[in-house]
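Feature annotations, reproduced from TrEMBL:
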- 85-458: domain 'SLC26A/SulP transporter' (DOMAIN)
- 110-131: transmembrane segment (TRANSMEM)
- 138-157: transmembrane segment (TRANSMEM)
- 163-185: transmembrane segment (TRANSMEM)
- 197-223: transmembrane segment (TRANSMEM)
- 243-261: transmembrane segment (TRANSMEM)
- 273-293: transmembrane segment (TRANSMEM)
- 327-347: transmembrane segment (TRANSMEM)
- 359-376: transmembrane segment (TRANSMEM)
- 396-416: transmembrane segment (TRANSMEM)
- 423-447: transmembrane segment (TRANSMEM)
- 453-483: transmembrane segment (TRANSMEM)
Amino acid sequence: MEKSSFASASSGELTAAVYGAGRPVRVIPLRHPLDAAVREAAASSSPSPLSAAMERARAMGPWEWAEAALPCLAWMRSYRWKEDFQADLAAGITVGVMLVPQAMSYAKLAGLHPIYGLYTGFVPLFVYAIFGSSRQLAVGPVALVSLLVSNVLGGIVNSSSELYTELAILLAFMVGILECLMGLLRLGWLIRFISHSVISGFTTASAIVIGLSQIKYFLGYSVTRSSKIIPLVESIIAGIDQFSWPPFVMGSAFLVILLIMKKLGKTNKKLRFLRASGPLTAVVLGTLFVKIFRPPAISVVGEIPQGLPSFSIPRGFEHLMSLMPTAILITGVAILESVGIAKALAAKNGYELDSNKELFGLGLSNICGSFFSAYPATGSFSRSAVNHESGAKTGLSGIIMGIIICSALLFMTPLFTDIPQCALAAIVISAVTGLVDYEEAIFLWGIDKKDFFLWAMTFVTTLTFGIEIGVLVGVGFSLAFVIHESANPHIGK
C-alpha cells in the first residue's frame, strides 16, 4: 500500500473522483413557451435508460460481447509477445516473490494459519486475471481487510477453533456476492460521495492499530485482540513484565532492514528490486538464523500443509446475519482501495477502466477463492505499485504471480516451518507505514479546514471506537457535507 497512491495531496486521480472538477455557475436563459413545449415533446419521445441500454446491447457484435464477459480479451488480442512478455514475466516474478511472505504475514494478522494467506494469493489471482479489467492491479490478501476479519471474528469465536476459519472463508463468499451485485447494478460511482480526507484519516488510524496489534511478536507476550487503541495500549503496558529481548532485537533488526530496502527501492531506480525483495530477505535471514542457532525465545510459524487447496463449499451460513455488516464494510474498503488504485494505474498506462466491471471481477475472484479456502482478497496498493514500477503490461503478470504461489504450495512449504513470527510481524508493520499520512492532515489544515475536520474526526473515532464506528462517522459527516453543499450552492457574483 502506497501513501502517494492513496492518501496524499498528490493523488490526483482519486482526489478528482472525490471532489470533482469544480461547480460552474449555471445560467438559465429566458425560454419561449413554444420552445418549452417542443423540448417537452422531444423529451417524452426520447428512449428510457432501459431501452437505451437494450439498444446498445443489440448493437454490440460477437467480439464486443466476448470482451464484456471476459475483459482479459481486450489485452489478449493486442498482446505483443516480444515487447510485453518479458516485462510481464519480470513483474510477475518480482511481485510473486514479494507476495509469498506477505500472504503468510497477513493471514497471521487475520488470526488465521499462514497457509490461508497463500490460498488467498492463489485462486483469486487467476480468476481476476481473466475477469478483472485492470492490467496492473495485484490482488490478494491485504493488511486492512485482514484486520477487519480478525476484529469481527474474534468477537464471535476463538481464533484457534475450526469455526473461525470457516467463517473467514464464508466472509470471502459474502464479499464476492456483494461486489458482483454492485458491479451488475452499476454502483461503482458511490466512491465519489466518500471524501478523500475521510479515506486518509481512516487508513492512517487503521495503520496505527495494525502496527500495535503486531507488536506482541516483538515483545514476546500476548496482547489483547482489538481494533481500539486504548485496550491495545493497556494490554501492552500490563504485560511489560513478560518482555523478552531476543524477539524484540530480531524483529527490530528486520524492521530496520525492510524500511531501508523500501526507501532505497523507492528513491533509486537502479535499486528498485530492493523494495520487492525486502519481505523475502527478512524471511530468509530469519529462517537461517533459527535453523543455525535454534533460539528458544524465538517463536516460529510451525508446520505448514503442503499441496494445493481442495474444492469445498463454504460453511457456517447460520452466522450469515452477524457477518453481514463486516462483509459490507470489506466491500466498501474494496471499492476505495481497488477501484481507486486501478483507475490511477489505468490512467498512467493509457487505457480506460470501468469501475463496475472491476467490482464484478473482484467479486468473482472472491467467490471462486472461497471454494478453495481463501479469505477476502482485494487489490493491494504496495504490490500494485511494485507491479506497475516493474513494467507490467497486462494481466499475464497476475497469472505468473499465481504460478509462483502454486509452486510455493507444492514444493516450498517445508522451508517455511522455521520462519520467525517476529519476521512476519516486521513485514506487516513495514507494509502499513506507508498508510500513516500525517502530511495529509498538515496539507488539509493549510487549504481547507472542513476537510481537515473530516480527517481528524475519522482518525480519532477510528482509533478510539474501532474501525466500524470510524467508517460510519467519517462517511456520515462526508455525506452530510455533500448534502449541505448541494442545498446551499456557492453562487458567484
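Positions of Cβ are set from backbone N, Cα and C atoms, glycine also.
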Mean of pLDDT values spanning the domain 'SLC26A/SulP transporter' (85-458): 90
The transmembrane segment (327-347) in contact with the transmembrane segment (396-416), cutoff 8 A, at least 3 CB pairs, sep 6+: no
CB contact flag for the transmembrane segment (273-293) and the transmembrane segment (243-261), at least three pairs under 8 A: yes
Paired segments the transmembrane segment (110-131) and the transmembrane segment (359-376) in contact, 3+ CB pairs under 8 A: yes
Tertiary contacts of the transmembrane segment (396-416) (same chain, 6+ residues out, Cβ under 8 Å): 79, 84-85, 88-89, 91-93, 95-97, 99-100, 103-104, 114-115, 118-119, 121-123, 125-126, 128-129, 132, 136-140, 287, 301, 304-309, 387, 390
